[in-house]
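Here is the structure we will look at, set down as structure tokens.
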Amino acid sequence: NQWLFMIPCNVLLSAVSCGAPPVVKNAHMFGNRRPKYPVNSIIRYQCNPGFRQRHLPVVRCQADGQWEKSKVECTDVKARIRIHGRTSGNSSVRGKNK
């Protein structure tokens, strides 16, 4: 005699989950942190004040229990202004040396 066990699909899916979502530098996630997240859970990030968002601000829990690699970047708005200002200053300094 052979035994055949039937396991419902929802039992198999609930066995896989993701742990803590990835940390994004200069950003915070929406919602409360949980110890585990079900497959297909989506976490949304928002850049901290003074930082500008680049790329999609979400990650998804994949079927293998790993989070997608985060693509969002939060760049410092003030640093970009300083870099731009420094470039302008260098060109005027060069002009004085001629």
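The backbone N, Cα and C atoms fix where each Cβ goes, glycine too.
The recorded disulfide partner of Cys18, taken from TrEMBL and restricted to Cys61, Cys74, is Cys61. If you go by TrEMBL, Cys47 shares a disulfide bond with Cys74, out of Cys9, Cys74. Note: the domain 'Sushi' (16-76) comprises 0 helix, 26 strand, 35 coil (DSSP; helix = H, G, I, strand = E, B).
Cys18 (disulfide bond) and Cys74 (disulfide bond) are 24 Å apart (CA-CA, integer value).
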